[in-house]
Amino acid sequence: MGTSPSSSTALASCSRIARRATATMIAGSLLLLGFLSTTTAQPEQKASNLIGTYRHVDRATGQVLTCDKCPAGTYVSEHCTNTSLRVCSSCPVGTFTRHENGIEKCHDCSQPCPWPMIEKLPCAALTDRECTCPPGMFQSNATCAPHTVCPVGWGVRKKGTETEDVRCKQCARGTFSDVPSSVMKCKAYTDCLSQNLVVIKPGTKETDNVCGTLPSFSSSTSPSPGTAIFPRPEHMETHEVPSSTYVPKGMNSTESNSSASVRPKVLSSIQEGTVPDNTSSARGKEDVNKTLPNLQVVNHQQGPHHRHILKLLPSMEATGGEKSSTPIKGPKRGHPRQNLHKHFDINEHLPWMIVLFLLLVLVVIVVCSIRKSSRTLKKGPRQDPSAIVEKAGLKKSMTPTQNREKWIYYCNGHGIDILKLVAAQVGSQWKDIYQFLCNASEREVAAFSNGYTADHERAYAALQHWTIRGPEASLAQLISALRQHRRNDVVEKIRGLMEDTTQLETDKLALPMSPSPLSPSPIPSPNAKLENSALLTVEPSPQDKNKGFFVDESEPLLRCDSTSSGSSALSRNGSFITKEKKDTVLRQVRLDPCDLQPIFDDMLHFLNPEELRVIEEIPQAEDKLDRLFEIIGVKSQEASQTLLDSVYSHLPDLL
């Protein structure tokens with residue numbers, strides 16, 4: 001029997017699903033295996049990196065042995081031999097070691113903390129004693145001083161710490177401080193409106209707002225018939241709401257009558273108290289307890305208060321002998337609302353106005369810099385390097401001759417152009433080096449590629465353009481770019497050129513010539529071999545001979561990989577470590593202080609007891625390192641190399 005088309009389609013789809021599931025499972029298993037292998041390899045790598053070693057001279061055999069360092073908190077009580085491992089012992093009381101080491105004695109802890117300082121860290125096997133000031137005090141001139149107390153009206157702007165004093169500031173508008181304190185900030189005024197209260201007395205920088213209750217009339221029992229709310233006219237006059245339209249003497253009678261026409265009616269209806277006497281005569285004799293609040297009224301409005309009294313009294317008469325369950329609220333009286341639209345004070349807004357102005361100036365500078373840079377990048381150097389130098393000389397103080405002579409090293413009466421030397425060696429790598437030096441775009445690289453025929457011409461033009469684009473171009477940056485692209489052979493050629501006794505062969509420094517105006521015109525020389533090379537036979541002036549070549553960090557960078565040779569002019573003082581290299585290390589250490597103890601621990605086996613005593617007497621760690629350079633530098637090249645390796649391993653920023 002034949003199969004139907006629908007069944008064949010279903011079988012095909014099932015097979016595709018099965019294949020996808022199988023592929024997914026295989027990929028998942030491979031990922032799991034890769035993850036497990038990575039996680040198992042990491043502990044092994046960490047374990048191998050945790051173990052440090054040191055070198056020890058066996059006094060019995062005179063051999064230099066490599067021993068494992070002791071962990072932190074211990075010291076080497078017995079060094080290793082050919083048949084035994086080193087023995088570590090715990091640091092005794094009063095001593096410590098922070099790192100793994102190969103020393104024979106732990107470091108002494110610092111002196112006990114002088115009064116009133118307290119111990120922040122105790123003296124232990126792993127840590128030195130650290131002192132600090134107690135709470136409420138800060139360190140000032142090697143002693144502790146109490147934090148400043150902010151007076152009344154002032155609050156804490158910045159809390160004090162162990163090393164800084166308290167900073168106070170005057171309470172701003174809307175805040176106050178009523179107690180002197182060294183920890184409290186200014187507090188905000190009490191919000192009377194949120195508590196259904198009014199401000200009776202506004203706050204100041206030293207006091208809070210004084211709030212009061214709203215005026216209200218409350219009665220425990222309703223007035224009985226025949227009993228007036230105000231039994232005497234004097235009482236009514238005492239508690240009568242005063243009016244802002246008070247009629248002084250000398251006012252005409254019509255105005256006074258019209259202003260008082262309302263109150264006589266109210267008083268007469270109250271004072272007469274002629275209410276029909278029903279069966280509640282006994283209750284009429286009962287006393288009526290009334291509470292009339294004594295308020296401080298600030299502003300009074302005549303119209304609303306009088307209308308309130310007219311509405312209030314008839315309601316009291318109508319509810320004769322019944323108790324009033326609803327309190328009678330009076331008009332809202334309180335402190336007048338402060339005027340929100342006050343005069344503009346320039347002193348209050350001056351700080352943020354200055355900040356906005358500085359931000360505006362910064363934005364303008366950034367925009368102008370970006371536009372100038374974009375115009376420079378768009379132009380693209382399609383002309384020869386000599387024209388580039390001439391155009392750059394119109395805008396900069398440095399002339400083309402000065403810029404060219406900056407990269408020329410004079411040796412035996414001949415001027416050797418460093419840029420030509422590098423251009424002749426890098427070949428097609430000039431693109432990567434040029435992009436690394438000045439972040440050039442593909443368009444600029446293409447301009448050099450299309451403008452010249454040979455790679456050394458393109459490289460020389462690109463390097464000259466790099467030196468013209470910014471005055472910060474230096475030999476140190478060029479060497480860094482060469483090392484970045486693994487051209488240490490070119491760096492060694494430059495290094496050999498700068499050495500006094502090393503002479504480079506002329507044919508190795510020769511740069512192929514072309515009819516293009518690439519090479520600067522050298523001074524004629526009778527030697528035909530020098531005419532076809534990149535050597536410039538320019539006799540330097542006495543000033544040029546005396547001044548250094550590239551006054552920057554170029555020379556330490558050239559010699560950071562090893563100690564200088566014994567024939568170098570920089571090592572003629574008997575030291576295997578050049579002065580420039582030592583000064584570079586010490587300058588970096590003084591700029592960025594760090595823990596130098598591991599370096600001293602690594603070099604202990606090279607020092608005799610007298611040298612160790614001399615170094616221990618020096619108080620500053622940087623001066624100790626300087627003295628260590630002087631001592632180790634004259635011992636041997638192996639000791640000098642060990643010191644440099646230790647410095648570069650513990651201070652990686654120097655690389």
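Cβ coordinates are placed from backbone N, Cα and C, and glycine is handled just like the others.
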### Recorded disulfide partner - Cys113, candidates Cys123, Cys131, Cys133, source Swiss-Prot
Cys131
### Query
Looking at Swiss-Prot, which one of Cys133, Cys150 makes a disulfide with Cys144?
Cys133
### Query
From Cys14, Cys368, pick the one Swiss-Prot annotates as S-palmitoyl cysteine?
Cys368
### Message
Annotation N-linked glycosylation site per Swiss-Prot: which of the candidates Asn289, Asn573 has it?
### Response
Asn289
#### Entry: Mean per-residue pLDDT computed across the repeat 'TNFR-Cys 4' (170-211)
94
## Note on the structure
Around the Cβ of Cys368 (S-palmitoyl cysteine), other Cβ atoms within 10 Å, all chains included, total 10
